[in-house]
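Heads up, the thing below is written out as structure tokens.
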């Protein structure tokens, strides 16, 4: 039907007859001549129809935006003064000799033009029009290239692409499952997988020592700004390996991805940072190292001060007091400071103390803060020295339980970095390693795994794990790019007794363990090899590589923030006949006034 994509028509095609198919992007009438910009996924091509061919010219006059056409013509150089170097095909044009309207279009709700600002709901309702925009075509094409890079690299490393079930058993993995009722087993349900975690471990026990899959996963999570109920991850598992093998594999993969897609050369070895250091310096387990701001502990300097907010946190074993210096921050207004104070309350902080350093040489007289009256001059000077302030700086303080300080001041660090344009350009990748095996749930005070219950501790002793669970480190690792967690993984437990110990510590008794994970515990008894793996978020990685602001921009048909699809109106009610066949009766909806 066509001989060329639009962008393939160039000066090598001069004087040749070509045929292209696509959409009418633009139509212009100039001096009795009709100019068309024809668009396909590769780009734009200018076609000229002259009035001498009355029959074809009459068809061209009928064309409107988004008509679908088939165009045949002769390629020629554009006249001097008509060259457009902003277009890939801007040095040539096609003199149309044939024209066929393949389909018509009414005036669309918006034109697929990158220069328009389009309401997001409208974009998703008419996603098939939105995806015609050049920027969207480029993003999804880059995503395809990303997947191709991944497959080529792993295939060369002797990995096998093996599919795992989509209809599986509900297992606790940190979020709610999407349940699928079984018609042939009334009252029973499948679960859509939150990840292929257990199946890929079973593949290692089956002798497939190198597995990968680019796979859809499903999580019925609470609504958050940039989460999708269904998402895509690169899932990897290997047997007879250690942590170093996984890290080197992923470093090699990312090196190829960045080179082939962005022409950026990454170092052979990425920096590594222990989890404890990341939380101490940045208040985050996914620090953006492009941001120069850091948290500085000052608890030892304020233990005996008269400011109870500082003193109580400093003398609490689970408390923390930190300072965060903002260079040249004295220009912040009272309203700005109040807004930042309100911001940290979102993360559980009760407020935000600060000191403005208007004139460092003037001593206490050169400082401005509501808390100065509670602090001795010695304590203040010690803080200023440790934080290494200069005239014009402002210091923010966080004092509370350590988890509140980390979350609130880590978020403030990120916000200040963006608000004050402190984020350096470029790419900062790092591994966060040496994670705690468990954390205490602040509500229930029960142990819960930091990653998942199949992660191996660094010390492979059930007795040691029971004696000091909160001090035990895991063989776990996350890859972070520019402040985004792109992936995480671990070495897995391959000894049945150690796995039972972990289940017991997190409150899964023997009966529940066998009901939910009996198949895994059985498999572990039959010669399970040491194994481990990782999963990378394809959506988020594609978002970063395309410089997008949302993962929805790199997903062809995303859900909205309310987990709905304006295009198809999903989710939607099921018919009574279908519900009856499935043995489901809906409970009445209870509304509260």
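Including glycine, each Cβ sits where the backbone N, Cα and C put it.
The feature L-aspartate binding site is assigned by Swiss-Prot to 173, 219, 451, 492. A C-beta separation below 8 Å, combined with a sequence spacing of at least six in one chain, links residue 219 (L-aspartate binding site) to 175, 176, 178, 194, 227, 229, 231. Residue 219 (L-aspartate binding site) falls outside any helix or strand according to DSSP and counts as coil.
Other Cβ atoms within 10 Å of the Cβ of residue 485 (ATP binding site) number 16 in total over all chains. Here Swiss-Prot flags 219, 220, 221, 228, 485, 537, 538, 539, 540 as ATP binding site, drawing on sequence analysis.
Long-range neighbours of the region 'Aspartate' (197-200) within the same chain, counting only residues 6 or more positions beyond its ends whose Cβ lies under 8 Å from a Cβ of the stretch, are 164-165, 168, 171, 173, 211, 213, 235, 237, 452, 454, 517, 519-520, 533. As annotated by Swiss-Prot, region 'Aspartate' applies to 197-200.
For residue 30 (site 'Important for tRNA non-discrimination'), applying a Cβ distance below 8 Å and a minimum sequence separation of six or more within one chain yields no residues. Annotated site 'Important for tRNA non-discrimination' per Swiss-Prot: 30 (among others), in sequence order.
Feature annotation from Swiss-Prot assigns site 'Important for tRNA non-discrimination' to 81 (among others). The number of other CB atoms found within 10 A of the CB of residue 81 (site 'Important for tRNA non-discrimination'), across every protein chain shown, is 5. In the three-state DSSP scheme, residue 81 (site 'Important for tRNA non-discrimination') is classed as coil.
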Residue 485 (ATP binding site) and residue 451 (L-aspartate binding site), compared by Cα position, are separated in whole Å by 13
One of the recorded positions 81, 451, 492 has its Cα closest to the Cα of residue 221 (ATP binding site), namely 451
Residue 451 (L-aspartate binding site) falls, by DSSP collapsed to helix, strand or coil, into coil
Same-chain residues at least 6 positions away from residue 540 (ATP binding site) with a Cβ under 8 Å from its Cβ, in sequence order, are 484, 485, 486, 551
Note: in the chain of residue 451 (L-aspartate binding site), residues six or more apart in sequence with C-beta under 8 angstroms of its C-beta are 435, 474, 476, 488, 490
Rounding to whole Å, the Cα atoms of residue 81 (site 'Important for tRNA non-discrimination') and residue 538 (ATP binding site) are apart by 45
Same-chain residues at least 6 apart in sequence with Cβ under 8 Å of the Cβ of residue 538 (ATP binding site), in sequence order, are 143, 146, 147, 214, 231, 232, 233, 234
Around the Cβ of residue 221 (ATP binding site), other Cβ atoms within 10 Å, all chains included, total 14
